[in-house]
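Step one of this worksheet: look at the structure below.
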Amino acid sequence: MKIKLLCISLAVLFCSSANAQKKQAKVQPSVFPQTVARPKLVVGMVIDQMRWDYLYRFYARYGNGGFKRLINEGFSAENTLIPYTPTLTACGHSSIYTGSVPAINGIIGNNWFDPQLGRDVYCVEDKSVKTVGSSSNEGLMSPKNLLVTTVTDELRMATNFRSKVISVSIKDRGAILPGGHTANGAYWYDDMTGSFISSTHYMQQLPTWVNDFNAQRLPNKYFEQDWNTLYPIETYTESTADAKPYERTFKGAKTSSFPHLFKQYANKNYSMMASMPQGNSFTLEFAKAAIPAEKLGQTGNTDFLAVSLSSTDYVGHQFGPNSIELEDTYLRLDKDLEDFFNYLDKTIGKGNYLLFLTADHGATHVPGFLRNKMPGGRLLLKVQTDLDSLIFNEFKVRCNFTIINNQVIFDTDAIKEAKADYAKIKQSTIDYLVKQDGVLNAVDIKNMGAVTIPQEIKNKIINGYNARRSGDVYIILDAGWYPTLTPGTGHAAWNPYDSHIPALFMGWGVKPGKTNKEYYMSDIAPTVSALLHIQQPSGSIGKVITDLLK
């Protein structure tokens, strides 16, 4: 009897276990999905010269669909810094899309001095290609000087080049560097014709849709609007009064005050398109036109649209971070972003695209503005001629100094020919520079280990140094100082005003929220790579922002 009961119990237990396993097998999800989950489209947006604090300085005046939507529906890495110096446009776009730094990707400035060629080299110059879409030389450009791959290149390779990559900006470098080496099309603005152009690196002729877009002659239509403030000028309480003496005037204007009259430039001076906030509207209209024309997000593979908005940089340089012009530009940009996001929702579908927005660098306050009891000033550029005289008097050699990107470059051939002591010339140069107003320090770039400066600054200089392209001595300016003789302002320093940038992600795969952990510009490409399940770019040193992953 006991044996019989035991057998019955075991049978019941076995059947129950088997049924449970069957039920479990039915509901157990597959560990490995049948296809790789990816968004239909990735949109990368770079706002040229956007300081991080602009997110919040104008927050109360933004609508709900632009910057506020990014902050409230997306993820914000609030403490994202640039890990190198100099902080310039070409360096920023390269580092965002490569996950790298100038030391590795080779883009150490907008220009740099090439000792072998004996001249300055422009970051995307390429005399081996031709302009497409114009008879000008504005299209003699390509990404050949970029020494590593971009996240856009890696996406193309990951899909055996089925994914499409389209890149657009008013600035050539703002379109070319994000697009990488393998973009299907990179388009930038030609000042001579008022049209978007490209180069034979990408194509032999412009697509029909680009010709149709150019045929609208939108710059002339924007010029007809002139530039008045979007709201009554007295409501611009986040800015200084209009028309400050340290602001630059537009060509032909007697004052820097509103309104700015652009009708005079129609059919004459197309370069002015970049200097008005409508330059951003113009670029985004082109980006919107590219989506249906190139069937972006409809190819069955993840496509990539890279958009860099340049007018914020032109306005910032001319008027400075505290101007009404700058505030008005960002209020207009906020409306443009809302329109663009709504267009993406309609054409690609909300939740079907991944979007990130960041900046290539920030900006220092105008030196004239800082005269109001704050440290800062203008470093006069006569340093170069003074140095030349000093070294000649001491060593009887003309070093033919070049000062670019805060770096001093010597003519080493002239030094060798004169049999002068290179080390002593370098030290004399450093001794002279550290005595100048506005210079915090001057350091031997090739001997950074012996330099007594904070490690954070040292790391940024090292990350910006490329052995084949960089100079001999790096000049570190005092906070708030900028090397210029003209009104307006600039950027290039290690300081937070130049290196603290927004980093916002929204849409597919992104968990809404924010973090104040320290991240870097070079972390953006690895994060996008992780979301797309593709290899990081070949020179990437960044890390994934795991806080935003769903």
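Keep in mind that glycine also has a Cβ here, set from the backbone N, Cα and C atoms.
What Swiss-Prot says about this one:
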SIGNAL    1-20  signal peptide
BINDING   D48, T89, D360, H361  Zn(2+) 1 binding site
ACT_SITE  T89  active site, phosphothreonine intermediate
BINDING   N110, K171, D172, R173  substrate binding site
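The binding-site residues shown are D48, T89, D360, H361; of these, the one with its CA atom nearest the CA of D172 (substrate binding site) is T89. A Cα-Cα distance of 10 Å separates K171 (substrate binding site) from T89 (Zn(2+) 1 binding site).
In this structure, the C-alpha atom of D360 (Zn(2+) 1 binding site) lies 11 angstrom from that of R173 (substrate binding site).
Per-site Cβ counts within 10 Å over the binding-site residues T89, N110 peak at T89. Note: R173 (substrate binding site) has non-local neighbours T89, A90, H93, N110, C123, V124, i.e. same-chain residues 6+ apart with C-beta under 8 A of its own C-beta.
Of all the binding-site residues given, namely D48, D360, the one with the smallest number of surrounding CB atoms inside 10 A is D48.
Apart from D48, T89, D360, H361, the Zn(2+) 1 site neighbourhood in this chain, defined by C-beta within 8 angstroms of the site C-beta centre, holds V46, Q49, T87, L88, G92, H93, G174, D313, A359, H491. R173 (substrate binding site) falls within a helix when secondary structure is assigned with DSSP. Surrounding the centroid of the Cβ atoms of N110, K171, D172, R173, where the record places substrate, the chain contributes additional residues within 8 Å, namely T89, A90, H93, Y122, C123, V124, S169, G174, I176, L177, W188.
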